[in-house]
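Q: Please find one structure pasted underneath; my questions will follow.
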Amino acid sequence: MTDVIDELHRRGLIALSTDEAALRAHLAEGPVTYYCGFDPTAPSLHVGNLVQFMLLRALQRAGHQPVVLVGGATGLIGDPGGRNSERQLNDREVVAEWVERIRRNVRPLLERPAEESGLRPPIYVNNLDWTEQLSAIDFLRAIGKNFRVSQMLAKEAVSARLNSEAGISYTEFSYQILQANDYRELYRRHGVTLQTGGSDQWGNLTAGIDLVRRTEGAGVHAMGTPLITTADGQKIGKTQGATVWLDPELMSPYAFHQYWLNVDDVDARAWLPLFCERPAEDVAALIAESEERPAARAPQRALAEDLTRLVHGDQELAQAEAAGRALFGRDDLASLDAGTLTAALTEAGSVTVDGELPTIAQLLQQTGLVSSLSEARRTVKEGGAYLNNERVADGDAVPGEDAWLPGGWLVLRRGKRAVAGVRRGA
RNA sequence: GGCGGGUUGCCCGAGUGGCCAAUGGGAGCGGACUGUAAAUCCGUCGGCUUAGCCUUCGAAGGUUCGAAUCCUUCACCCGCCA
């Protein structure tokens with residue numbers, strides 16, 4: 001059996017770690033209980049969080065015990081890291097709901113391997129459970145005494161904000177203490193000895209290590225994943241300015257699948273080892289194929305396939321693939337049968353219209369392909385609007401009777417990739 | 001608590017009384033070229049019942065024929081001093 005650390009290095013999942021020799025020895029001794037935290041700052045996890053799960057899954061496959069912390073408490077405070085302004089505080093009820101939704105995101109990622117391969121299922125914890133009843137006195141006396149302000153100020157996340165125009169509130173300044181305390185609680189409650197996270201969390205991870213050493217006298221470990229960016233320096237997981245969510249209610253499996261398919265060549269090759277759990281030889285072969293025949297987009301297809309299956313399941317993957325073939329294939333739309341068209345457009349997104357038919361511009365807006373009528377008109381003017389694959393000349397025209405495709409559908413497209421269906425109502 | 005600087009469209013950043021829906025850059029979007037890539041070039045980039053109209057320049061008032069630009073108050077941010 002190969003060393004899990006070796007695998008993680010091969011895949012580029014480790015950017016930082018505490019003493020690696022010690023960590024390697026620790027992991028070799030037997031099952032290690034490790035944790036990673038996610039703050040509920042949105043209703044769903046997104047593609048950027050997926051990197052953490054690739055690491056968590058690799059450790060799980062190696063026989064270790066994952067603990068997933070959802071930050072019901074820290075989500076109320078706000079991590080100053082990686083941002084140049086203060087966070088807007090969210091309401092407690094909202095954060096509580098997000099905690100639940102995020103747990104649902106995690107299920108297929110860590111529970112399925114447990115069910116299907118007999119690996120250890122994740123333990124879920126919420127730091128609100130031990131943070132909420134902490135009194136200000138206890139917090140300051142029992143925990144705060146262990147922190148030196150000079151060290152806290154030196155953390156990148158804090159100093160960056162101190163040097164920014166926005167500054168930093170005492171609330172967010174305290175964040176690292178809360179996260180450090182989480183590590184200590186999990187060490188006590190579950191024997192956690194390894195925390196993983198993004199390398200932008202490094203200051204918070206080491207704060208926890210210091211606290212555990214100081215108060216428990218134990219040496220515990222941390223591992224940081226690299227920050228994944230596109231070739232031009234953007235954060236991973238944005239498409240058309242929107243976030244690529246894992247929750248199917250926020251982003252359809254079809255759109256999720258399309259996102260990976262559209263990743264550019266450079267990024268696809270770079271990301272493949274990170275996100276693809278296939279054998280090393282297969283990954284290398286896919287990259288080699290991409291160099292030779294980039295148009296085949298082998299890495300993109302592998303990413304789309306593996307990740308859609310991982311996050312949404314086999315059935316959703318099959319539907320997303322079929323929809324993509326139908327909408328982007330070379331076949332004439334009119335030659336598609338009603339069933340295929342219906343399945344494809346349902347995946348892609350559609351609206352139903354009854355009664356009097358709106359203009360094409362209005363339909364573009366109703367399907368969400370554009371956000372305003374002005375934008376619809378502009379798109380038509382720019383030659384970027386298509387009805388049934390034919391460029392629209394007049395946005396104020398109403399589609400004719402002959403435009404309806406089998407099953408009672410109109411296919412609207414904006415630009416090359418954004419497609420939506422309009423279905424005739426009763 | 002005192003003094004000074006600041007708050008402009010998704011972001012950065014010009015603009016100090018009319019020519020400002022607001023220069024420029026970036027992001028985004030569309031077109032051409034391609035491979036549902038990248039780079040490049042061109043166009044576009046508040047909203048609407050779009051030759052016109054409406055709402056924007058931290059918030060609220062005020063001066064003026066007319067304000068993002070002047071005055072007052074408030075909020076927030078940064079710096080120096082106490």
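Every residue, even glycine, has its Cβ placed from backbone N, Cα and C.
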Q: May I ask you to indicate which of A:40-49, A:100-109, A:350-359 is given in TrEMBL as motif ''HIGH' region'?
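A: Going through A:40-49, A:100-109, A:350-359 one by one, TrEMBL flags A:40-49 as motif ''HIGH' region'.
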Q: From the ranges A:60-64, A:235-239, A:375-379, grab the one TrEMBL calls motif ''KMSKS' region'.
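A: Range annotated as motif ''KMSKS' region' by TrEMBL: A:235-239.
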Q: Report, as numbers and ranges, which residues of the same chain sit near the motif ''HIGH' region' (A:40-49): CB under 8 Å and 6 or more residues beyond its ends.
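A: Long-range Cβ neighbours of the motif ''HIGH' region' (A:40-49): 70-72, 75, 78, 87, 90, 95, 97-99, 101-102, 105-106, 228, 235-237, 243-247, 249-250, 259.
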Q: What's the CA-CA gap between A:Y175 (L-tyrosine binding site) and A:K238 (ATP binding site) in angstrom, rounded?
A: 27
Q: What are the non-local neighbours of A:Y35 (L-tyrosine binding site), defined as same-chain residues 6+ apart in sequence with CB under 8 A from its CB?
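A: Once residues fewer than 6 apart are set aside, A:Y35 (L-tyrosine binding site) is near A:P66, A:V67, A:V68, A:L69, A:V125, A:Y183, A:L186, A:H190, A:V192, A:L194, A:Q195, A:T196.
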Q: With DSSP as the reference, give the number of residues of the motif ''KMSKS' region' (A:235-239) in helix, strand and coil.
A: 0 helix, 3 strand, 2 coil
Q: When you look at A:Y35, A:Y175, A:Q179, which the record names as binding L-tyrosine, what is the longest CA to CA distance in angstrom?
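A: Greatest Cα-Cα span of the listed binding residues: 18 Å.
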Q: With Cβ-Cβ distance below 8 Å and at least 6 positions apart along the chain, what are the contacts of A:K238 (ATP binding site)? List them in sequence order.
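A: A:K238 (ATP binding site) has long-range Cβ partners A:V244.
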Q: Do any residues at least six apart in sequence from A:Q179 (L-tyrosine binding site), in the same chain, have a Cβ closer than 8 Å to its Cβ, and if so which, in order?
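A: In sequence order, A:G37, A:T74, A:D79, A:Q201, A:N204, A:L205, A:A207, A:G208 meet the Cβ cut-off.
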